[in-house]
Amino acid sequence: DRICTGITSSNSPHVVKTATQGEVNVTGVIPLTTTPTKSHFANLKGTKTRGKLCPKCLNCTDLDVALGRPKCMGTIPSAKASILHEVKPVTSGCFPIMHDRTKXRQLPNLLRGYENIRLSTHNVINAETAPGGPYIVGTSGSCPNVTNGNGFFATMAWAVPKNNNNKTATNPLTVEVPFICTKGEDQITVWGFHSDDETQMVKLYGDSKPQKFTSSANGVTTHYVSQIGGFPNQAEDGGLPQSGRIVVDYMVQKSGKTGTITYQRGILLPQKVWCASGRSKVIKGSLPLIGEADCLHEKYGGLNKSKPYYTGEHAKAIGNCPIWVKTPLKLANGTKYRPPAKLLKER
């Protein structure tokens with residue numbers, strides 16, 4: 001008797017494409033690809049995954065948390081992976097913000113990209129004695145604090161001239177913003193300015209003309225000129241009653257580097273700053289996070305890796321993910337197909 005290996009006959013051959021012989025019939029294959037179905041997003045196995053910046057801050061958007069809105073302040077858990085669930089973050093209280101004038105919408109997503117995020121325990125500037133003062137720190141009834149009194153964002157101080165002696169127009173003033181974070185962290189410093197109609201500008205600041213503002217840090221300089229009256233509606237902020245508007249921006253200060261802000265009337269001086277370190281991988285997705293998954297995929301949500309490759313929609317993914325391929329892949333685990341002997345004789 002003779003045993004021949006490598007070729008056999010079968011009634012159910014499979015076709016595989018090979019690099020050297022093109023299409024070849026074989027007796028058995030193992031599928032290497034899967035086509036996922038869309039599912040909910042999940043926590044990434046083996047690591048901490050961040051959904052909302054502050055999970056315990058109820059009724060707060062991520063921008064509320066990033067700006068330090070009263071009643072929206074809490075611990076931001078560390079995370080190696082983060083879900084970008086608000087593509088266009090907005091705030092829903094405190095003061096109408098002219099979102100599209102600056103990069104303020106990007107602030108929550110900037111923070112989300114860090115593994116460790118904390119708010120400083122003390123203020124970076126003494127707002128009451130800053131150049132152009134003395135000032136009182138303005139508050140808003142639409143921004144209640146924890147005792148339901150008038151409040152404002154923890155990251156900024158609304159610097160209103162304290163008395164008639166300094167409630168006048170001023171040439172540009174400059175304040176240095178020191179670096180107060182530690183442990184090699186980046187410092188994210190939030191600042192801004194307030195403007196109103198001409199009547200309110202004179203009442204608050206003694207000057208009804210547009211005001212100029214400049215920030216500079218880490219080689220990046222930004223200039224603004226305030227708008228006086230004629231503001232757009234702020235429907236996305238819930239129709240807040242204030243006649244004025246604020247513009248909010250931020251600057252990133254690297255370890256040990258001082259920043260500067262040059263301003264006129266209506267400045268929102270930086271107060272508490274964000275100290276952030278490490279990197280968190282960010283992917284677009286949705287909440288809530290349900291269960292765990294090997295992989296987070298922007299189009300399919302949470303995936304468990306059942307095969308090494310996948311077909312379907314190609315998109316960003318993080319974790320232990322299958323590799324995208326255009327067409328299904330198969331591994332031949334059988335022998336090369338040989339037609340039955342009877343068929344060979346008929347030829």
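The backbone N, Cα and C atoms fix where each Cβ goes, glycine too.
Going by Swiss-Prot, these are the annotated features:
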CARBOHYD  ASN25  N-linked glycosylation site
CARBOHYD  ASN59  N-linked glycosylation site
CARBOHYD  ASN145  N-linked glycosylation site
CARBOHYD  ASN166  N-linked glycosylation site
CARBOHYD  ASN304  N-linked glycosylation site
CARBOHYD  ASN333  N-linked glycosylation site
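When each of the glycosylation sites ASN59, ASN145, ASN304 is scored by how many other Cβ atoms sit within 10 Å of its Cβ, ASN59 comes out lowest. Listed glycosylation sites: ASN166, ASN333. The one with the lowest count of other Cβ atoms within 10 Å of its Cβ is ASN333. Among the glycosylation sites listed here, namely ASN25, ASN145, ASN166, ASN304, ASN333, ASN145 has its C-alpha nearest to that of ASN59 (N-linked glycosylation site). Counting every protein chain shown, the number of other Cβ atoms lying within 10 Å of the Cβ of ASN25 (N-linked glycosylation site) is 15.
Cα to Cα, ASN25 (N-linked glycosylation site) and ASN333 (N-linked glycosylation site) are separated by 12 Å.
Closest to ASN304 (N-linked glycosylation site) in space, going by CA atoms and restricting to the glycosylation sites ASN145, ASN166, ASN333, is ASN333.
Each residue contributes its Cα atom, and for ASN333 (N-linked glycosylation site) and ASN166 (N-linked glycosylation site) these two points are 86 Å apart.
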